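Feature list (source: Swiss-Prot):
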TRANSMEM  6-26  transmembrane segment
TRANSMEM  33-53  transmembrane segment
TRANSMEM  59-79  transmembrane segment
TRANSMEM  103-123  transmembrane segment
TRANSMEM  126-146  transmembrane segment
TRANSMEM  157-177  transmembrane segment
TRANSMEM  179-199  transmembrane segment
Amino acid sequence: MSNANFSILVDFAAGGLVLASVLIVWRRDLRAIVRLLAWQGAALAAIPLLRGIRDNDRALIAVGIAVLALRALVLPWLLARAVGAEAAAQREATPLVNTASSLLITAGLTLTAFAITQPVVNLEPGVTINAVPAAFAVVLIALFVMTTRLHAVSQAAGFLMLDNGIAATAFLLTAGVPLIVELGASLDVLFAVIVIGVLTGRLRRIFGDADLDKLRELRD
């Protein structure tokens, strides 16, 4: 693979990560959010896969395949099951920040990410380093989602976005994350999603809803 093609494809993957994050902020349908997470996982997996193919590095290719399986298939499937079990609430409740304001804040966070990471890009410009601002933007957007969404599944989606952004930053800044490290991190995330799914199910059975704002009202 030529450097020109590699650069274009990495930019597409990084752009896909940010686009999926912005669409998750925009959407309120929980099923759509899960599908977008799956697409974001595929965009994340493309980064080590492309690097492995270009460098003929089988370990990186294996990491990319593992990321694709876990982030684009297994974890979204677990979240989809949690959403499917809640037939009465397929949409996110009114968030703390409305959609228009959320999109404006997301744009601001993206610009902030590019400003913060610009010194890193200038220090050692390169094909993958140039895409680091996009990965860091995903981290900031994920933190915003986690603090403004009220549904347990939406907050779990924000947590997965955060992990995707951190993993993308690691893939872009280094020569690649060793397979055992990536598997360990992914298994931690998998465990967290399983726990969130179990807790969401129990909240739904006991209180009839998994909306955290409504649960606070019950407590009060």
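Positions of Cβ are set from backbone N, Cα and C atoms, glycine also.
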For the transmembrane segment (103-123), which partner among 6-26, 33-53, 59-79, 157-177 gives the most CB pairs under 8 Å?
-> 6-26
Distal contacts, the transmembrane segment (126-146) - CB-CB under 8 A, six or more residues away | 3, 6-7, 10-11, 13-15, 17-18, 21-22, 24-25, 40, 47, 51, 102, 105-106, 109-110, 112-114, 116-118, 120, 154-155, 157-159, 161-162, 164-166, 168-169, 171-173
Candidate ranges 6-26, 59-79, 157-177 - greatest C-beta contact count to the transmembrane segment (33-53) (under 8 angstroms) | 59-79
